[in-house]
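See structure below.
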Amino acid sequence: MGKTKKNTQRSERSPEAPSRTNSVVANDKKKVQPRENAEKEPVLLAAEKSSTKWRNMAIRTSTTLLMISAFFFTLASGYIWSIAAVMIITVLVYREVIQLAYVPAKSKNLRWFKTMSWYFLITTEYFLYGESIIYYFKEIVMVDAFLLPFATHHRFISFMLYVLGFVFFVTNLKKGEYKAQMAQFGWTHMSLFLIVVQSHFIVDNILEGLIWFVMPASLVVINDIFAYVCGFFWGKTPLIQISPKKTVEGFVGALLCTLVLGFFVTTLLMRFDYLTCPVQDLAASAWSNVSCEPKNPVFTAAPWHLPSIVRYLIKITTFQDVDEVWIAPVQLHTIMMACFASLIAPVGGFFASAVKRAFKIKDFGDTIPGHGGLTDRMDCQFLMGFFAHMYYHSFIKMYNVSVGTILALVINNLSQREQVELLARLNMYLENQDIMTHNIDAFFQKAQSLLQG
């Protein structure tokens with residue numbers, strides 16, 4: 001009986017042993033599991049497998065050469081095509097960014113989000129590009145009977161269009177989804193500011209002269225290429241956590257290359273009037289006879305006397321005594337822009353990387369093989385174009401009185417009778433200077449009869 005009881009006790013305990021063993025193993029697995037699921041550390045370009053990184057570089061290089069070729073072809077085609085290209089790229093980038101927020105909006109059945117996003121895009125572009133047209137083409141807009149009311153009341157019309165969109169958004173707020181809808185509204189406006197508003201300044205740069213579009217864009221391209229190349233061969237030190245494949249070696253190497261190559265690129269670009277002259281005819285192309293007088297003095301080279309220490313270094317290295325060099329001011333301005341393109345413009349790329357991390361995506365799209373979406377390539381260009389606009393208007397632009405400026409003042413501030421009197425006196429002056437060879441008395445009589453009638 002005693003043996004039977006002991007055997008019974010053992011048989012009752014035996015099932016418990018495996019259960020305890022299983023629980024211990026399960027606990028050990030739980031301890032190991034976080035390590036297995038831990039996010040893998042990013043591999044720098046220089047540390048990647050040779051076959052992988054060379055294949056990626058070949059794809060990236062081929063698409064880069066295609067994009068550069070398309071860029072120069074568009075420039076040569078004419079001003080209007082350059083502006084159209086910027087506007088098309090802006091819309092496509094805006095579409096990629098809005099699409100990120102559209103997915104959660106669709107899952108929550110938020111009505112009209114996509115429609116309102118495109119409505120605000122159209123309204124914003126109407127306001128911004130309307131301002132540019134009125135500013136740069138006053139002499140055309142202000143004399144057209146159909147366009148004049150739109151030009152005079154442009155800002156009020158734009159404001160009312162925005163208000164209509166705002167009212168539509170408020171009336172479509174859905175109970176229980178207020179927070180999500182406000183987030184979508186904020187995302188739309190952030191996209192409008194960071195993409196559409198900044199790209200508008202790039203179009204203004206084109207109208208001031210293609211060089212103010214080509215030179216900043218080229219600096220960003222040079223910086224991006226050499227950051228990749230230097231990181232590809234020598235990158236070992238991570239630069240910033242939010243963009244883990246960027247390296248200190250790539251960052252510094254790109255800065256030096258951008259400073260040197262930017263100087264020589266500008267030296268080449270400043271030789272062509274098609275690039276340096278402000279836009280006078282939108283239909284003109286690289287094969288048109290474009291010229292402008294007076295030319296901005298920043299494109300005129302002037303002698304710069306070298307410091308004695310620089311003269312000494314040149315003498316011991318080249319065995320020539322050089323006491324001065326001829327440098328155009330625009331070449332020195334390029335150095336400032338190159339510093340911005342290398343030190344500050346990449347922050348736009350870091351911001352885009354943060355957006356991708358927030359939405360847990362690798363790229364904004366797959367439009368460009370080896371690069372990702374258009375947003376992945378334009379993230380630094382928008383910030384650079386905005387800076388170039390501000391820098392140009394602060395330190396380079398010549399503020400001369402134009403025909404369009406005078407015409408706008410006359411139309412907006414003088415009565416019709418005063419406008420006719422101004423025209424008569426201007427005609428008298430031109431006749432006295434033997435500039436007017438034909439009589440326009442009939443024109444004045446007709447104008448006065450219209451005013452009296």
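Every residue number used here counts from 1 along the chain in the order it is shown.
Just so it is clear, glycine is given a Cβ too, placed from its N, Cα and C backbone atoms.
Keep in mind that TrEMBL annotations are predicted by a computer and have not been checked by a curator.
Listed features, source TrEMBL:
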- 27-39: compositional bias 'Basic and acidic residues' (COMPBIAS)
- 1-39: region 'Disordered' (REGION)
- 57-73: transmembrane segment (TRANSMEM)
- 79-97: transmembrane segment (TRANSMEM)
- 118-136: transmembrane segment (TRANSMEM)
- 156-173: transmembrane segment (TRANSMEM)
- 185-203: transmembrane segment (TRANSMEM)
- 209-235: transmembrane segment (TRANSMEM)
- 247-270: transmembrane segment (TRANSMEM)
- 335-355: transmembrane segment (TRANSMEM)
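Contact counts against the transmembrane segment (185-203), taken as Cβ pairs under 8 Å, peak for 118-136 among the stretches 118-136, 209-235, 335-355. Most Cβ pairs under 8 A with the transmembrane segment (57-73) among the ranges 79-97, 156-173, 209-235, 247-270 are made by 209-235. Long-range contacts of the transmembrane segment (79-97) within the same chain: residues 121, 125, 191-192, 195-196, 199, 202-203, 206-207, 210, 213, 279, 281-285, 355, 364-365, 367, 373-375, 378, each at least 6 residues beyond the stretch ends and with a Cβ under 8 Å from a Cβ of the stretch.
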